C-alpha cells in the first residue's frame, strides 16, 4: 500500500481521537464555569466547535472513501480545503486556551490548589491546549504533504485535484502509449530495410536486322 493513503488514514483516526478527548474536557470545563462563574470561556466554545466538526466529518470521509471510490468528499481539492479549515480552528482553540490559562492562573502555574474544582479546571485548561496543538500539528503536516504531492502530480500531467489520495498522485500518466518499432523478421538495427528489385532484362544484339530495305518503285 502506498505511503500517502496510510498517512491519511492514520492522521484522520488520530485527529478524531484527539477531538473526542477535547470535546469531553471542554464540555466538563464549560459545565464548571457555568456553575461557578455563570458563563463560559471562548476557547472552550471554539474547542467544542472544532471537535464536533472533526468528529462528524473525518469519520465520514473515511467511511465514504471505503464504500465508494472517487466520491466528491474524497477529492484532493475538497480534502485540502476542509483539512485547512479544521487545523485553523484547532490552532485558534489552542492559542486562545494558552492565552486564557495565562490570564486566569498565571504563567508557570502548577495547578496546586486546595479546591478540587479549581485544580481540575486548571488541569483541563492545559489538556485542551495540548490536544488542540496536537490536532493542529497533525492536520497541518498532512495538509502540507498532500499539497506537495498534488503539485508534483499536476506537474507530471496527472489530474490530481479531482482524483483521490488512493489513486496514486505521483503515478505516471496512463494515456501515453509507447511506440515500438515494427519487426522485420530479424533484429531491429534502427535503419530502414533496403528494397531489392529484380535486374532489368537488357535486349541482346544478334547482328541481324529485322528491318527490310525499302526499294523505290518507278
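Glycine is no exception: its Cβ is also placed from the backbone N, Cα and C atoms.
Small disclaimer: the values here were computed from a predicted structure and weren't measured.
If you check TrEMBL, you get these features:
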type	residues	note
TRANSMEM	7-29	transmembrane segment
DOMAIN	8-140	domain 'MARVEL'
TRANSMEM	41-64	transmembrane segment
TRANSMEM	76-98	transmembrane segment
TRANSMEM	133-152	transmembrane segment
REGION	188-218	region 'Disordered'
COMPBIAS	205-218	compositional bias 'Polar residues'
| query | For the domain 'MARVEL' (8-140), what is the mean per-residue pLDDT, to the nearest integer? | reply | 91
| query | What is the three-state DSSP composition of the domain 'MARVEL' (8-140), stated as helix, strand and coil residue counts? | reply | 113 helix, 1 strand, 19 coil
| query | Cβ under 8 Å to the transmembrane segment (41-64), counting only same-chain residues 6 or more beyond its ends: which ones? | reply | 9, 12-13, 15-16, 18-20, 22-23, 26-27, 29-30, 33, 71, 73-74, 79, 82, 86, 89-90, 92-93, 96-97, 99-100, 128, 132, 135
